[in-house]
Structures are given as C-alpha cells and as structure tokens.
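TrEMBL annotations:
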- 20-43: transmembrane segment (TRANSMEM)
- 55-79: transmembrane segment (TRANSMEM)
- 116-135: transmembrane segment (TRANSMEM)
- 155-176: transmembrane segment (TRANSMEM)
- 218-240: transmembrane segment (TRANSMEM)
- 260-284: transmembrane segment (TRANSMEM)
- 382-412: region 'Disordered' (REGION)
- 481-491: compositional bias 'Polar residues' (COMPBIAS)
- 481-510: region 'Disordered' (REGION)
- 492-501: compositional bias 'Pro residues' (COMPBIAS)
Amino acid sequence: MYSTEQSCWFIRKVICWRAAASIAWAVLLLPPITAVFVILSRFSLLHPIHTISECFSLLTSASAIFSFILLCGVILMVGFLNLEYYTVIPTIACSKIALLGQLLHPRQILNSLAHCIMGIVVAWSCAVTIGGRYETLGYTCMQSEGSPQMCLNEYHLVFLLAGAFVGLSHSLLGVIHNMNYVSFHTVQQYKYLRFKGSLPLVVKCSATQALYSVRNFIIVYFFLGYIPRVWICKTLNLHLNSSVHPLDSIAGLLDLSLLYQLWISATFLLFTWYITLLLFRIFVTEVYSFPVQSSFTEDAHQCLPKVVTDRKPIILKFLALQDLALLSQHSPSRRYDVFSLSQPGGHPHNWNAISRECLSLLADLTQRLVGYHDTVATNGRAKSLSTGSERKTSSETSVISGSEEFMSPRPNMLMKTPASVFARSIAGGPQSPLTAPFTPDLDSPFASPALRRLTAPVEQCSPWHGSVQSPHIMRREPKLWSTSTDAQVNGSPPPPSPASVPSPQQEPSKPSLLAQFLQNRKEQLPEASSQALFADSQAHIWALEGLSYLVQASFSEDQFGVVQTTLPSILGCMLVLQEAVDRHFKLPHASSKPLRSSSSMGDSNYKTLRFALRATLKTSIYRITTTFGDHLNAVQMSAEHRKRLQQFLEYKE
C-alpha cells in the first residue's frame, strides 16, 4: 500500500500549480478591469475627453497603486478560498434544516467572515478611487458654535458596509447555489475558448447579483443604519453634521448618484471574484493524461491502473476516470497498453485493475438505488431493514444479488450517498430504519384505518406484486416526503384491530408550535433527494464510457482475449444497473427534469446527472451489442439477463 505522501502527489504537483496559474491570470486581468471600473465610475457625458485624462492620471497616482496592491491581495485570498473549499461532488441539502446547518457550519462562518473583510477592503479601494464625497471616513465640519470638529462622512461608511454586505451575500449564495462545485465539461475546449465563452455570463451574473445585493442593503440600512453610525461615532470620536440629511432616510437613500456608485462598485467586486472562480474551474478541470504503465517501480503509483483505484483526493479519481473515458475512445496506442500482459507472468494486470474498479463503482450505485427504492416502495414511507427484507420482491432480489456478484472485494466504497439522503436513526443498529426522508409508518394505534388500508402489504396474487406502484396511488398519501421520526427499530407491529383503537379522550396532546415548525422544516425535498443520490454520477458516466469503448475496441484490438474473460460480468453489471435506474425513474419526482438557471455562477449540471447517466448507460449497452451482435449468445448469463439483452439486440429498448 502506498503512503499518504505518494497518494497526494497530484495535489502538490498538479492541482496547486493549476490554482496558482489561475490566480496569476486573475491578477494579470485586474489592471484592465480596474481601468474599466474607473472610467464607468467617473465618466461624464458633458466632458468625455477631460474624464479620460482624469482617469489616466488617477490610475497612475500613488493611492491607485496602493489600492491595486490591496486588490491583488484580495484576489490571492479569493483564489486560496477557491482551492480550499472546492469540490467535485456537490453537497445537496435535502431539507431546509440541512441547508440551515450548512449555512451555520463553523467552517462556513469563517468563510463568510473572510468574504466580509475582503468586501470591506474592495469597497474602501473603490471609494478612494471614486474620490469626492466618498473618499474619507471623516471630514472637518463647522458646528453652530463656530468651532471646527471632525464629522462622520456617512457616504464612506455606506460604501464600507455595502462591501461587507455584498461579501456576506456572495458567501451565503455560494452555499445555496453550490458555487464551490466544479464540474467537468463534456465537450473538451481550449482554456481561452472556455474563458471567452463564459465571459458574458460572468458580466451578467455580476451586474444582476450586484443590483439585488444593493437593493437588499438599502432596505437593511434604512431600518438598521443608525446602529453602525452611532457605534462608529462613539468609537472614533466623530460627530454627526446636523446640516446633512442622514442616509437612513428616504431622502438620503434616493440619491441616484450614490445608488449608481454602489451598484458599479458591487459589480466590480463580484466580477473580480467571479473571474477568479471561473479561471480556477477552467484550470483545475483541464484534462490530465496518466501513463497506463511505467518502466520504473517508483512511478507505478502515478499510472492509471493505480490512480483510478485511489480514494483520495477525489479530484484525482475524477480526472483519472475522465482520462480513461478519453483514451478508450481516441487513443489506440494507450488502449494497447490496457490490453497488454505483464512480463513475466502474462497477466492482464492493467485491465483487471481498471475493469474491477469500474464494476465496483457501478455495483455501488446499484446498491444505493435499490436501497433508495426500498424506502419509497410502500407509498414513500421509510421501512425497517427487517421489514424490508421480508417484503423484497423477486426483481429487487435479482438486483441485489447481481450487485453483490460484481462487487469489488474491497470492503469500503469511495463514492457514498450523501448523509442527507440516507440518514440513520440515533440507535444506529443493524435493524435501524434505512432512511429518514419519508413519512413514518402508520402502524401506530393512532393511525387512520383508511390510511392503513392504503398502506397494507400487497397480496401475492395482486397485479401490483413485484412492481412499482402507480404514481396516482402514491399521490393519495398526504405528506409523502416528510421525515420519519417515530419509525420503530425492531420492525412495525401488526395492525391493531378496530377495538384496540383508543378513545378520543386517550389521544396524546398535540405537539407544540416549535415542534411542528421544526418538523415542517425537516420535510424531505424529493427532487433534492434524487439529485443527492446521483451527485457523484459523473464518475459512473466515465466508468460506463470507458468500459463500453474498451469492450468495443477489444473486438478487433484485444490480441490476448483479456476482455472476453470479464465480458459476462460487464454485461451483467450494466443490465442490473439498467433495471435499477428504470425503476428509479418510475418514481414521480425522478422523471421531472429541472430547469437550468442561467442567472447564477453556480454550476447546475449536477441537477441533470441522473438523466445523463440513464442515457449513457443505454448507449453503452447498445455500443457493446451492436459491436458483438449474435456473438453475445455465447456469453454465459442468467435467463433474465439474456431476455433483457435480447431487447437491446433487437433495438427494442
């Protein structure tokens, strides 16, 4: 087993350098961006030539150079936070309580505090650059007694507070929209083309978010502006000029010049941060080519068969699977190395390692889908493991047995379903409820007899036995996606007789308003739960593409027949996964395709990963069946799998 230092070589030698390159480009782009901001903030239609010359002299002044140094420091800090908080598997909150927990996490609080400080620094630089009444926090004013004293410049204070507010809003929206999520583009492009194509979106998102942030800040300052104003005056021993209208009034906030300067400054702040984020995404997701095999033993941990099996860092595994999908399509020489035999010994170690890891990933996803389906098979209610094992249908049994057949001997999988989807009970025992995002069992003495009849077990002779219930029947159940808090650990008791139902006088008291509020906030969002289930499916998509293209190429390139020995396992694993995916899409919440939002810099590709996986899975099976054709009749498999495979051979799927 390789050491931790060897497994993290990719972070030190590749990811850190890519992050440094993205930060360097962001710093190089800062001067032209600052020049555009200065022109927009000081431009005058009546005196355009004078404005341009004034802007040029301002950009070369000592204060502008000092502000530029501060802005470079902010860019470095933003780049460091991007490197620290990025992820290739998004964290999807499946309930409002889970989202609130993410926002109040100590790590996120530190991130928000850092963005507030950076927002103040950028706002101060903007105020100094604009000059005039926004330049300083204090100024000399004359009171009624005629003695001069230092008064508070509320315009400068508003700029600083607006910068902190925009920074805080940006940090919170980053959690809500998963802005730290880094996705991999399907179409490979040069970095310059990706940057140029995304630039209009960055401008639009910066201007739009700045407009909403300034609007929200004006509302907050109108009601609470006196608090920071009084605190700053007492702390810095400043006075308020009675002859100037305070800005926390309607007359003070309806200053169009102030609103315009705030909007331009907020747009400049967000644009520089979004440019840094965009460059980081482009650089860190650049394709990396791993050697398939090496002549030196000390470099073996950097080869594709070893890298693809690594569990950490996740970015390394994703780039390895991406490289596998690309080499399987476009590189015959590297495919030859995959199909080659080791010397001495004549064993296909490269192919065995790659195929075993890909099959392990697919089998893990199959198990997760089967477990998820168990929780919603009975009108969306969570079932105990003991109860679920007694009520498994024949189709579910075949899926689980097929998954176990192709599982890797490694005990722990890399890709796990987010904890927000499969949240175990406090007991945590082997018979604890599998999940908690759904309605509790109604097998309590206080359950309605009508609802109990709807949720009764299906008879063996019923046409519903062994199949997914109709969505129309599922919609009869109220509160289909509420959290299970009273599910029993040791299975549900038998339904009580009508005589055992207690009288209305014996019914328990209603829960308190706080308990009802928390229960409503914990209700599961079905769409989010399905997205969380497929949050890491980009790895499975690459595994499917890599396997299917390698199997297709083996028909003419595999000289030693190493692929044919595992062809039954590959086909069986794909067919089992196909059945599990089909059953998942029969659920009412899984078939609705969410709309992609174009008004945010948050990458929403994870919302449609389940549809991409379904299409890739079907295409991969067709890729194999069209290549081998009737030769697949000689492959050993179960009768159920052969019947399903025949549907693909006849193009009926």
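Note that Cβ sites are derived from N, Cα and C of the backbone, with glycine treated the same way.
Beyond its flanks by at least six residues, the transmembrane segment (218-240) meets 137-138, 141, 143, 149-152, 154, 157-158, 161, 165, 246-250, 253, 259 of its own chain at Cβ-Cβ distances under 8 Å. Panel annotation: around the transmembrane segment (55-79), residues 19, 22-23, 26-27, 30-31, 34-35, 38-39, 42, 114, 118, 121-122, 124-125, 128-129, 131, 272-273, 276-277, 280 of the same chain, lying at least six beyond its termini, place a Cβ under 8 Å from a Cβ of the stretch.
Highest Cβ contact count with the transmembrane segment (260-284) among the listed stretches 20-43, 116-135, 155-176 falls to 20-43 (criterion: pairs under 8 Å). Outside the transmembrane segment (116-135) by six or more residues, the chain places 34, 37-38, 41-42, 58, 63-64, 67, 70-71, 73-74, 77-78, 153, 155-156, 159-160, 162-168, 170-171, 261, 264-265, 268-269, 272 with a CB less than 8 A from a CB of the stretch.
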